[in-house]
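Summarising the annotation, TrEMBL assigns region 'Disordered' to 60-81. Per TrEMBL, domain 'Tetratricopeptide repeat protein 21A/21B N-terminal ARM repeat' is recorded for 160-340. According to TrEMBL, the feature domain 'Tetratricopeptide repeat protein 21A/21B second ARM' maps to 378-648. The repeat 'TPR' annotation in TrEMBL covers 433-466, 831-864, 1061-1094. The domain 'Tetratricopeptide repeat protein 21A/21B fourth ARM' annotation in TrEMBL covers 867-1020. Among the features that TrEMBL reports, domain 'Tetratricopeptide repeat protein 21A/21B fifth ARM repeats' is placed at 1062-1177. The domain 'Tetratricopeptide repeat protein 21A/21B C-terminal ARM' annotation in TrEMBL covers 1212-1402.
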Amino acid sequence: MEELQKIRNGDGWKLKPVSAATIDHIARQPEVTFSQPEPHCTTICKTEKMDWHLQASRGVHARPQPMKSHRCLSRTSSGKPPAANLEKNLSRVMRIQPIAWVAWQGRRGWNNERDRTAGHFRLPMDCPTLVSFLLKSLPCDYGCVRGRGSRRKERSSRGGHIQEALLDLESLKNNQDLSLCTLMALIYAHKKKPNPDREVILELDARLKEHRKTAGQDALYLAGLFLWHVGRHDKAREYIDRMIKISSGSKEGLILKGWIDVTCGKEASIKKAIKYFDEGLQSGHDVFGLMGKAQYFEVRQNYSGALETVNQIIANSPHFLPAFIRKMKLQLALQDWEQAAETAQRLLQKDALNLEALQFEAIHHLCREGKIPEASSKLADLISALNHLEPHNSQLFCKTALVFSRTCGRSPLILQQTQALVEKAFSLASQSADIATELGYQMILQGKIKEAMKWYKNAMDLDETSIPALTGIIRCQLMEGKLEDVEQQLEFLNEIQQSIGKSAELSYIRAVLAMKKHKRQEEVITLLNDVLDTHFSSLQGLPLGVEYFEKLNPDFLIEIIKEYLNFCPAQPAGPGQPVSPLLKPCASVLETVVKTVPGLLQAAYLVAKVKYLAGNAEAAQSILQHCIEQDPSHADAHLLMAQVYLLQNNFKLCSQSLELCLSYNFEVREHPVYHLIKAKAQIKMGETAEAIKTLQMAMNLPGMRNVTSSSKSKTKKVEIDGSDRVSVYLELVDAHRLNGEQHEAIKVLQDAINEFSGTPEELRVMIANADLALAQGDIEGALTMLRNITPEQNYYVQAKEKMAEIYLNYRKDKKLYASCYRDLVEKLPSSHTFLLFGDAYMNIQEPEEAIEVYEQALKSNPRDGTLARKIGNALVKTHNYLKAINYYEAALKTGQQTFLSYDLAELLLKLNQYEKAQKVLHQVLDHESANDLSSLMEDVRYHVLLAKVYSKMESTEDAVVSLQKARELQTKVLKRIQIEQLDAVPEQKQLAAEICAEIAKHSATQRNYEKAIKFYKEALVHCETDNKVMLELARLYLAHDDVDSCQRQCALLLKNDPDNAAATMMMADLMFRKQDYEQAVFHFQQLLDRNPDNYATLSRLIDLLRRAGKLDEVSKFLMMAEKHSPRTQLDAGFHYCKGLYLWYTGEPNDALRHFNKARKDNEWGQNAVYNMIEICLNPDNETVGGEVFEHLDGDTDISTEKQESVQLAVRTAEKLLKELKPQTVQGQVQLCIMENYCLLATKQKSNVEQALNAFTEVVVNEKDHVPALLGMAIAYMILKQPPRARNQLRRISKMDWNPIDAEEFEKSWLLLADVYIQSSKYDMAGELLKRCLRHNRSCCKAYEYMGYIMEKEQAYKDAAANYEMAWKYGNQTNPAIGFKLAFNYLKAKRYVDAISVCHKALLF
């Protein structure tokens, strides 16, 4: 053992641990043949190769040069090397780390369960002894004596190998280190012989006991290793414990003990294994120990920990292939297909014939991608590698076929290859009943029942006790319709079931037999549930991998789901109706199948069908679209897609799907479902006569009538389900009734009664008969028919529901309506009927009774999430919020209803109990990182809701952090959901878009526009047609003054939604920014033509027409709004728009009256009040702070009357301010600005200084706040500090104009122009006034200032032209402007015009 320790540590012989890659290198050397010794042999023999490994120094494996003179090993006539050489070589091999050669053997594939359990370090159990296995494997595995392709042929009987092993072992039993191990192997081999010699075994056992007394640590170690390999864990542990004691804690012994414990299958021992591995690995990176540690983590289902350990091995031993194989399998267990595929590629680069990697690639193409041709190609490569490496391994050939045949969706291409594999296995082991049974199953998958029966009988001939073979025979009989034979066989198996254990396939056969014999639905469903329970129990604890795929057997699960669907309604549940409870197990099973084998289109199609029957048409459509993209010829998918479109009332697309279906499979015309869908579409389009013709064509199809008598006809290949047949009859009845052909309807219905008498579908006909009686007004007759349906019959629930509908809608009797559901609960108590009863109470507005029913149902099924949620919702609907909260909290304390955390938090949020909602969400999110898809999706919802809570608490940063976490999780969800849950892709993409949009919204609030734009763009990546996001992004571009980007976004939005009002308004704003007023007005006119009372648009149009200088056009739009509705005069929006128009046209008093009518409105009130305040503070639209016109006549004294008027106006404005209750930060700032404008209006020094301080504070917080800067400038002007005012106004003049602060920009430019005019800087003033007029062509004050400048320059004609515009846009209501206009007309010698204006001015 000291020597072995030296080898492990790299001392002594300086041995480098032999890696699989090194062995592979040796194995690929030329073949050695044993002939007469040659003097100059250039081929390296076994001994020399082993010496090369033993002498190799650390770090480099250099191929030695061939010896010039070399004698190969001589052999006896039997072809065996002398015993001395065998002993020498074996001793050296045993001293090499077991990991080296065992790992290499692992690449050959494992033959049984024990091998897979132990990973790549267990010897195949079909070898008689460890030593014999070594002797027979070394020549092939090391490539020393025989070449790689000339492995000794296996025999079906191991007798020959056992005899050879015994001869070899006899020559080794005297070696001190090997004797103990050899004696054990001899005993084991003798016991394996057909006729064991008891005396020899007793003699060997006696010698073993003697040797055990004096055995050293090396002998004990090897003996423990052998015992472990043959599965005697307790005995192996006994030897290793003794070895560890002798060696004072040997690291090798501790590691092997860890392996023994981790593979023994006992929980108590497995827990201890990690301690031994850690102790054995304290002083180095022993590969055997690290692989054992990885095995421990894998057994404990800690696949991430196992992967981390394997990565550590790869880092230290990059050529060690078993670590790569283990890594690939662990990545698959973690469902990381991409990384597993990458590892497989690396494996194949190192070893092009690696069986595990080739197998994974084929599985990846088949199960993950659903690419049959590529999978078939990879499977062909795998078969070729098997033929090259393991040409005689029958078990491996058979085993390889299992995973592909179960997951290929019965693809003929794959099944042809798997059949060939099993046939090859049977040719190698023609006495194997298991392989013959598998061949029978392969035939069943291909629909070859007779051939399957032949193989199952062959298997029974080989092994009369084979239960799988007998089960196969029974299944064939069932498929052939031999029900009596099946029943007899099952009775026999029932007798011996206790000894053979439960079988999912036998339970399935019982369920199908019960259905074919028309047993009660509940009995069949119970049997099917039992099938699922038994089947899934075998999967517990298995990681995703080859074995999981085999045992999952998706093909078998699909068969089970089809049986469930036979009992589901043929049509989807209506709005508000509970779905069939049978769809729940179907959805659950199919979710598992699709998650595991996402490439299986048959499973995806069934998921779509379940979604369709559950009423979720959008989800079904999404999945079917994927199916059709993967396989455009999938006729069933086209047919179901047509039904989905029919449900959505999209008849054009429904017809297109039917045509596509027909183009890919013309035989679909022979099936009534095609005609049934077509007829339903025609009926909904009002083409009843055409629908009748279509249904009559369906009625004439083979098999539609007298199906029993035609069963032996040539048309038997078209199998028509009874449910489809009765659906055609009943649809034809409805068509005749709708067409007014009552007599024909009754005739067809009578035919249906005769046709389906004595079948399960008879009750559907009876319910249809009741519907017909109801249509004829015979309510009592309909009820009588429905009462005849008893609880023992299949359609009892539907009959009771129909009765309840009649009582409620025709009799208007709520008590009898509820009593129907009460009868259901009494006769058929189940969670579904209780749910129907509770929903019935909710429908008649009796939530208290509904709650009692739900609670009663929840007691029998405490884990039913639907019931628990309905109780909570019912309590909320009754406004019993406290009880609802208490209920949610009590349910959460039980730990069984954690999903209710979301409902509770949402309720607390609605009740403004933010801290409690936050606490609930923190508790539910306080867990380790989830890996399964459903948990990830739930966590995303919780984080999004938590962000809403933070937003309400005005904790923006926390809200953004929570949204970022949700975004990270949603990225993982989107990556996995494309494969595992295809129907939820649109919904989850929409959620991802909403998360990004919320982050963008918060970023925009924080004025981080670049970040906001980034996240809005990301939202559009997830959902390209999200109009809301597109609109917000366009607004952001507009706020960011990126006009071109905004215009492009609006154009895209209007392309998707031409009637989008917000986008149209924004386009109008863009056109206005570009001073294209005609286009801007055109966009608004489009909106108002469609909807004249769209007052939001009208108010914007009034402002736009004012700025375009076309206020005279406003009146016609106001008239359109008045004519549109007689209630227009009562609408606050109309009064707001009318007040806006009057204010702009210089009629402030009338404007105040209209604004006052809108003042109390929730939508228009706040803006109306602000406008009223502005009118009160500046009714004549003067330039506040300006001095040009204030002292024009030289009168500096303000009359007492005017002072009182100003004070009254200010007091009115202050009262109005008290009505404002802004909810946002921006609203608070706006209110502050307006309050201080009121202080400025008093013109009292103390008030002005107070306002100035307030404005300064706002500017400190936001330096470019235009209203605050304007307020500061006005304050400075009132305080007679024009230079300071000018500085603030210059700051504003240098800013870019924006529509939000348009009024303030205009006022600041006018005030600065006033300052310049006072200083006689007319040119500078003129530029500012022109800027004003560019943005507002109706700016009366700008024209007045321009006229004043022209007048000062004695350009009276130009002055008159400007005053004329001011007079026009002031609506000829300002006498001061009228006087100036008349004066300049006089100076320009336009006397008549002057007189006319004077007459008008004198009227005021």
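Glycine residues also receive a Cβ, built from the backbone N, Cα and C atoms like all the rest.
Secondary structure of the repeat 'TPR' (831-864), assigned with DSSP and counted as helix (H, G, I), strand (E, B) and coil, comes to 27 helix, 0 strand, 7 coil. Over the repeat 'TPR' (831-864), the average per-residue pLDDT in this prediction is 79. Highest Cβ pair count under 8 Å relative to the domain 'Tetratricopeptide repeat protein 21A/21B fourth ARM' (867-1020), across stretches 160-340, 378-648, 1212-1402: 378-648.
For the domain 'Tetratricopeptide repeat protein 21A/21B fifth ARM repeats' (1062-1177), the DSSP counts in helix, strand and coil order read 93 helix, 0 strand, 23 coil. The repeat 'TPR' (433-466): residue composition by secondary structure is 27 helix, 0 strand, 7 coil, according to DSSP.
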